[in-house]
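Taking it in order: structure first as structure tokens, then the write-up.
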Amino acid sequence: LLILSQFILFLGVGAVIPAIPLYGQSIGLSSASNGIVISTPAVALLLVSRFAGVFADKGRKAAMMSGMFIIAIADAGTAFSNNFATLVVARLGLGLGRGLAEAGERGMLTDLANQTPKLRGRALAIQQASVGIGIAIGAPAGGYIVEEYGVRSSFLCVSAAAIAALGLYALLPETVGNSLTSVEASTAKVEEKSTENEADWMELLKSSQTWRSLTICQAGVSVG
């Protein structure tokens, strides 16, 4: 479900790739203003990243679902923006939503992958592939939607994709508790093994045969 939701979301993200510069032109933005609008989500993502990570560590689903809800609202707001100021606010919201959602998604993917270490690399590869395929399919589809239904419709497609992903996220289990339990169990095993190794070393050092062997070795080295 996590991979499917990623595919659906980035299908929508791909759909707006051909629309963003055209949309700015359609409401009379200059090239400089259009560039600011395009870069605004990245700025918001940078500013919120630390908070998003802390929030996602407390609950993956909470971060994912709140982030996806904000994305849905932000892209709908983008579709109905008519000036530079409202467009910047909407795109800032998109960056905020992406920061929260991506922190939760990557955290959950890591938690799930850690439950099956042998499949960890494959799971991460599948997730990346789903993102790439979604964008690859979404971009030409977005171009068609823009030509047939107008520039604003592509942003509404992203909003719809975010709502669909939000529904799938609701079906996923929370992994923070399971992840912590797994980590604690792993830590306990490491500590137990370390204690056993220390006990073995103590027994070895107490053995008179060990010291006799070391004395002979030292004498051999000195004579040599």
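From the backbone N, Cα and C atoms, a Cβ is placed for every residue, glycine too.
Heads up, TrEMBL stuff is auto-annotated, nobody curated it.
If you check TrEMBL, you get these features:
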- 1-224: domain 'Major facilitator superfamily (MFS) profile' (DOMAIN)
- 7-24: transmembrane segment (TRANSMEM)
- 36-56: transmembrane segment (TRANSMEM)
- 68-90: transmembrane segment (TRANSMEM)
- 125-146: transmembrane segment (TRANSMEM)
- 153-172: transmembrane segment (TRANSMEM)
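Sequence-distant contacts of the transmembrane segment (36-56) (same chain, at least 6 residues past either end, Cβ-Cβ under 8 Å): 20-21, 24, 29, 62-64, 67, 84, 87-88, 91-96, 98-100, 102-104, 107. Here the transmembrane segment (68-90) touches the transmembrane segment (7-24). Their Cβ atoms form 3 or more pairs under 8 Å, with each pair 6 or more residues apart.
Listed by sequence, the residues of this chain that lie at least six past the ends of the transmembrane segment (7-24) yet keep a Cβ under 8 A from its Cβ atoms are 33-34, 37-38, 68, 71, 75, 78, 87, 130-131, 133-139, 141-143, 145-146, 151-152, 154-155, 157-162, 164-165, 168.
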